[in-house]
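*Asks:* So TrEMBL lists the following for this protein:
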- 1-27: region 'Disordered' (REGION)
- 67-176: domain 'Band 3 cytoplasmic' (DOMAIN)
- 200-328: domain 'Band 3 cytoplasmic' (DOMAIN)
- 383-941: domain 'Bicarbonate transporter-like transmembrane' (DOMAIN)
- 414-434: transmembrane segment (TRANSMEM)
- 446-475: transmembrane segment (TRANSMEM)
- 495-513: transmembrane segment (TRANSMEM)
- 525-543: transmembrane segment (TRANSMEM)
- 626-644: transmembrane segment (TRANSMEM)
- 664-682: transmembrane segment (TRANSMEM)
- 702-730: transmembrane segment (TRANSMEM)
- 751-776: transmembrane segment (TRANSMEM)
- 812-831: transmembrane segment (TRANSMEM)
- 838-857: transmembrane segment (TRANSMEM)
- 889-918: transmembrane segment (TRANSMEM)
- 947-958: compositional bias 'Basic and acidic residues' (COMPBIAS)
- 947-982: region 'Disordered' (REGION)
Amino acid sequence: MRAEVPGPASMAPAPQPGQGDSETDSCELPHTAIGRSIFSSSISSAAERIGAILQQEELGDRKCPLLFIQQNELLSTTGGLAWRETARWIKFEEKVEDGGERWSTPHVPALHLHSLFELRTCLWKGTVLLDLCAHSFKEIIEKALSAQPEVWEPRLQDRLSALLLCQPLHQTTTAPLRALTELSLTPCRGKTKSCPELRTQLSETPLKEQLKNRFKKKLLPGSEVASIMVGEVDFLKKPFPTFIRLREAVTLGSLTEVALPSRFLFILVGPQAKSKAYHEIGRAMATLLTDELFQRVARQAKHREDLIAGIDEFLDELTVLPPGKWDPSDRISPPSCLLSPNKRISMRLWEWKTHCSGNTTAAEDRPSLTHLHTSEELERTGRLFGGLLRDIRRKAHWYRSDFSDAMHIQCLSAVLYIYLATVTNAITFGGMLGDATANMQGVLESFLGTAFSGSIFCLFSGQPLTILSSTGPVLVFERLLFSFSEDYGLDYLEFRLWIGLWVAFFGLILVATEASHLVQYFTRFTEEGFCALISLIFIYDSLKKMLSLAEAFPINWHYRADDVTLYSCTCNLSGPGHILEGNNTLFSPPTALQQSPAVSTALNRTQCLGRGGHLLGTSCQYVPDIALLSFLLFGGTFICCTTLKHFKSSRYFPTGLRKLVSDFSIILAILIFCAIDAALGLETPKLLVPRELQPTNPMRGWIVFPFGANPWWICLASVVPAILVTILIFMDQQITAVILNRKEYKLQKGAGFHLDFLCVSLLMIITSVMGLPWYVSATVISLAHMESLRKESTASAPGEQPEFLGIREQRLTGLVVFILTGISVFMAPILKYIPMPVLYGVFLHMGVAALNSIQFMDRVRLLLMPAKHQPDHLYLRHVPLRRVHLFTFIQLLCLAVLWVIKSTVAAIVFPVMLLALVGIRKALECIFSLHDLSWLDNIMPTAARREAEGKLHRKQEDQESNADEGAELMHRQGPEINISVN
């Protein structure tokens, strides 16, 4: 039988020392889980040992050094016996394949269950040396053999010592180029790698191969080594098991393939046993040491009984696979996601504490209260501008590092990516604003406003990773405001100025009263609805722009090869009687032109139109398939961006190159398809930016005056639309801020909700006075900015997914992006080579990536999946599927209503509808239980939450009182009181 080993074991009381020599205490040593036995609820001594070890120095919150484990095995070769590396572990197992030339793929180790019991016996009966002081492997062997002098004869000690001190052969990792060079210089004689002679003494210093081993790059600084040596010899009559823990980690020469300090050693040599028995026991020991909990026990153990208790704890969490139901030769691939070792140990420690205290509250009751804690950034101070001052103090501490932390090549790729996205967004929304406002605000105003507002925000905001931009909801309001001004004869810019001033005033009031405290009511329900809406706007606008290209450059669907002789085009210069004709050609040939009294040379289209002529004929409107090529560029850019972004998880090329390609994926995709467009030579629409610094509409200036064009009462009447804009700006800004400051991003420098909203409010004054667009946090571009700055571990164990470390928090990337946006006016000769379809493809990628980042899309996909094919999401284990579908349907309905309101004349109430999302979420508490909402959403800080806490508190009190009553019944009291039930 084999057992899959995901983690630890059951607890057993340590036997008395004198029992170690009996024949009955081998693997039948009693072991009892922490309160899990159905025959006894008492806590065993082994359980007490584990609990005490986990509590020492708050080990549950500390991380052990990474442990590299190598197994050397005594193998028989043509030259005799030799030590050879056969397997290694960091998190997962790698074996040397039978050919002896390559490592296997990392896999989850599958163990013989009996080998664990044999290992338990080895630790119980064998030599255990804890905190041994030694400085060389030779000294370690001498002390291990002298620990039992009565067992070993001097001759056997010398022979065993000589055997253990022989040089092992390592399976070192060689660079591919070096391996090819060695292969070309080595004559091919059909011989395998030779083994060293057994008499070769172990080197006390690391070998050159160890120092050049590339595998060391996968180990974190401070890593240590555990060496396992197993083998069969003919001069021993009984096994020699030894477990050693060094007091100080020491580099033991050339014992292992990497030159790192060694902490643990396990030696097992003995007479010939059944097939691979020693090999499997060594694998069991190595697998135990890869377990975080057992490793903590092994590091803190004071007696062999502690190690036995650690094995029992490991066995308690073991999963056994029945024989005949799976193929033992199959290698289990490492899972993509594992429970954090610290979290697992904390849960185990919590279980031990609750069992000791008699509190048996189910673990399932705890997740419902995990979201109730209010973050420090949202706690009210009760003072005017108290939250703002706290934000300033918090961010001032990090201000210098906000610039120094940007010194990384990843920031360069983020700058180029977000710059192109920002420029495209500025041109797109600038063009839409120009159409909606008769060019009172156009592309140039959009460029200048983006550069100025974004730079100021990045310098002084609380969350500088946020990207400011014009957004769809603001554009809708601008269109409605301009239409209202035109209908009632009002000056649009002056009316807009007063609205902006009132919005800034209301914003200051909200900052002073710490209104950002209300952000805690923005749960996942509201965040996902808003994020999905903005993502769909990006996707919709990119597709809409591509369809408009198809109208401007129609595809020639009705082309027929047989009709080629019917196509012609003529240039009419002077009138109906003066026509330059071509015979079934696009333009007239020279012979025809010479016969014409008007001209004597051939005229192309530009020359014809330049002379005041016009074109006539069936082929005059012919355009090459620009639309088709544009769609190919559009789709190709999207696919290339998505593919290259996930390239780091592929199997091709070294890890560093994959990560570099992934970081620069957007830039590479843009360069590739710009090159394809240039090579084909078709005149696809290009990125055109303004070349002159002057207002788009010559009727306006750069400063908007508050009086003169409108009646005086407009300054008071503008309060009403200003309230709607304030709601819109507050909701848009704060929802985006909540999304960007999620705990999943592991931000270290904190948020600044009050400071961010203050910056946006003050910028409203400047942009309104200068007649520039209003700016607020752009959800999709900000998410793309954060995604481009993800930090992942560079040293990851084979088979382990790179660990997400957080976001590279700094101010420089956003600042450089907005500075480049401002000087883009002078970069027009370079930017004109970028096709617009390529940038629309980047927009589509950003929208789809943001949409796929929310749980809402996972639940939408569940609607289309049969239950048996649905993925194993955690919330599906705790919430009935029909309740999940109902929650998703309500979100879809709200999203549809938001889209309809945004796209119709009812858009004026769009800000109110955003606010209504919070009310709808509150109403869901009447439909869903708090337990369901805790898994599908977050718990709102309301009376219902306090009621849930009260219920749980009362439940715990009842259990404690029941436990006290039980204790009183067991304690001998005074006179017994009999209560009759008759």
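In case you wondered, yes, glycine gets a Cβ from its N, Cα and C as well.
Since the structure is predicted, the reported quantities are computational estimates derived from the model, not experimental observations.
Are these features on the surface or tucked inside, and what touches them?
*Replies:* Counting residues per DSSP class in helix, strand and coil order gives 44 helix, 33 strand, 52 coil for the domain 'Band 3 cytoplasmic' (200-328).
Sequence-remote contacts of a segment are chain residues at least 6 beyond its ends whose Cβ falls under 8 Å from one of its Cβ atoms, and for the transmembrane segment (414-434) they are 441-447, 450, 454, 467, 469-470, 475, 478, 541, 545, 664, 666-667, 670, 687-689, 696, 773, 778, 781, 784-785, 788-789, 813-814, 816-818, 820-821, 824, 831, 834, 836, 839-840, 842-843, 846.
Outside the transmembrane segment (446-475) by six or more residues, the chain places 391, 394-395, 402, 418, 422-423, 425-427, 429-430, 432-433, 436, 534, 537, 541, 689-690, 693, 728, 732, 736-737, 740-741, 750-756, 759-760, 763, 766-767, 770, 772-779, 781-782, 785-786, 789, 807, 809-811, 814-815, 817-819, 821-822, 824-825, 902, 910-911, 914 with a CB less than 8 A from a CB of the stretch.
Panel annotation: around the transmembrane segment (495-513), residues 384-385, 387-388, 478, 481, 485, 704, 706, 710, 714-715, 718-719, 721-723, 725-726, 729-730, 754, 757-758, 760-762, 764-765, 767-769, 771, 774 of the same chain, lying at least six beyond its termini, place a Cβ under 8 Å from a Cβ of the stretch.
For the transmembrane segment (525-543), same-chain residues at least 6 beyond its ends with a Cβ under 8 Å from one of its own Cβ atoms are 428, 471-472, 634, 731-732, 735-736, 738-739, 778-780, 783, 840-841, 843-844, 846-848, 850-851, 853-857, 891, 894-895, 898-899, 902, 914, 917-918, 920-921, 924, 937.
Panel annotation: around the transmembrane segment (812-831), residues 402-403, 406, 411, 414-415, 418-419, 422-423, 426, 444, 447-448, 450-455, 457-459, 464-467, 687-693, 785, 789 of the same chain, lying at least six beyond its termini, place a Cβ under 8 Å from a Cβ of the stretch.
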*Asks:* Using Cβ atoms only, state whether the transmembrane segment (838-857) and the transmembrane segment (702-730) have three or more pairs under 8 Å that are 6 or more apart in sequence.
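*Replies:* Answer no, regions not in contact.
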*Asks:* Where does the mean pLDDT land for the domain 'Band 3 cytoplasmic' (67-176)?
*Replies:* 83
